[in-house]
Amino acid sequence: MGMMKIFLNNKGQKNSQEEKIAGEEIKKEILKVLKTHKTEGELSITFGDGELLRKINKKYRKKNKTTDVLSFNLGDEKKIMGDIYISIPAAKKQAKEYNVSLKDELLRLAEHGTLHVLGYTHKEMGL
């Protein structure tokens, strides 16, 4: 098994202590997911606002609306290279709706994005 790296980025968001703790936990959990799938490579996870995700969604998916998570696989089956974008405002809203902590919702979104990078569809994820 080769090297796996996860990079966390923050675009225009002031991180609360809860979000910083969530970031480290996300790294650990995503590494577990990647190991389970016997994959290597690099993942970049960027936390941003709704506007950032709307712009990326419009540019790459031709959908002029915001969303909670976007993911892009830039590699191949042997070595993944992926970018995941997570909307902090959407995560906060959904955490309230689902009655879970922000950390748990951020983790769910990061795992969701990672599974997409690994090639899973919503149907395969049971969604």
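Using N, Cα and C of the backbone, Cβ positions are placed for all residues, glycine too.
Listed features, source TrEMBL:
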BINDING   H112, H116, H122  Zn(2+) binding site
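Put plainly, the binding-site residues H116, H122 were compared by Cβ crowding within 10 Å, and the winner is H116. The 10 Å shell around the Cβ of H112 (Zn(2+) binding site) contains 18 further Cβ atoms across the protein chains shown.
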